[in-house]
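Since the structure comes first, as structure tokens, the remarks are kept for the end.
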Amino acid sequence: MSYPENVVVLKSNHQLKGLFTIIRNRETKREDFIFYSDRIIRLLIEEGLYCLPFHETTITTPTGCEYQGVTFASKICGVSIVRAGESMEAGLRAVCKHIKIGKILIQRDEETALPKLLYAKLPHDIANRQVLLLDPMLATGGTVTQAVEVLLERGVKEENIVFINLVASPEGIKVFTDKYPRVKVVTGEIDSHLNEKKYIIPGLGDFGNLYFGTED
């Protein structure tokens, strides 16, 4: 199946498939789930950084020679969608030293069943930054759509957002990319479908509960 140009799926290989096999296995222990999820998250973060704009720069090496390199074109920050998105913060900090990370909390309104913003704490200059938006699962697309609305209201340009997640549904991909065609999406795998309960199939369950060892 083909997806829009703004959707990047990690190139499948035996190593990556093996990592997903472990975290999707219902028999996997929590410490192993965390360890192997972190490995996938690190790969996703690196791919997300590759999507950001760079500009050329010249530096001098210890040998006194010039080297033509590149650097980020603008400052970056992370924004995690609480709670599950917080599981991806360590992976981001592991490759981006001293990066600022904001948080957005969105929950479903029990009366309307629609996502509702409860809390947002973001860098004051976020409008001038490239934003890596973190949430491990993309099911219906409702939560991340609301999160992007918050970022746009704070002045972030749509094309300056990279949404990073581990597992997505085709339905969620379509909903999200139809609404935000200029937001880049980086995902580990796109699954088969959503079931009648809007769970990703085959999926892996509630990522936040599995990672943090809690239950709803």
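Quick reminder: no glycine exception, Cβ is built from N, Cα and C everywhere.
Counting every protein chain shown, 19 other Cβ atoms lie within 10 Å of the Cβ of I76 (GTP binding site). For R30, R39, A73, S74, K75, I76, K100, R129, the entry in Swiss-Prot reads GTP binding site, with the evidence type similarity to another entry.
Positions annotated as 5-phospho-alpha-D-ribose 1-diphosphate binding site by Swiss-Prot, on the basis of similarity to another entry: R83, R108, D135, P136, M137, L138, A139, T140, G141, G142, T143, D206. A coil conformation is recorded for G141 (5-phospho-alpha-D-ribose 1-diphosphate binding site) in the three-state DSSP classification, outside any helix or strand. Of all the Cβ atoms in the protein chains shown, 22 others lie within 10 Å of the Cβ of G141 (5-phospho-alpha-D-ribose 1-diphosphate binding site).
On its own chain, Y199 (D-ribose 5-phosphate binding site) has A139 as residues at least 6 apart in sequence with a Cβ closer than 8 Å to its own Cβ. Per Swiss-Prot, the feature D-ribose 5-phosphate binding site maps to Y199; the stated evidence is similarity to another entry.
Of all Cβ atoms in the shown protein chains, 24 besides its own fall within 10 Å of the Cβ of F207 (uracil binding site). Look at Swiss-Prot and you will find I200, G205, D206, F207 tagged as uracil binding site, backed by similarity to another entry.
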Request  = Check the Cα-Cα distances from M137 (5-phospho-alpha-D-ribose 1-diphosphate binding site) to the binding-site residues R39, K100, I200 and tell me which is shortest.
outcome  = I200
Key: Annotated GTP contacts R30, R39, A73, S74, K75, I76, K100, R129, maximal Cα-Cα distance (Å, integer)   = 39
S74, T143 as binding-site residues, winner by CB count within 10 A = T143
Query = Are there any residues in the same chain, six or more apart in sequence, whose C-beta is under 8 angstroms from the C-beta of R83 (5-phospho-alpha-D-ribose 1-diphosphate binding site), and if so which?
reply = L105, G208, F212
Query = Counting other Cβ atoms within 10 Å of each Cβ, which of the binding-site residues A73, M137, A139 scores lowest?
reply = A73
Task = Measuring Cα to Cα, tell me the gap between K100 (GTP binding site) and D135 (5-phospho-alpha-D-ribose 1-diphosphate binding site) in whole angstrom.
result = 16
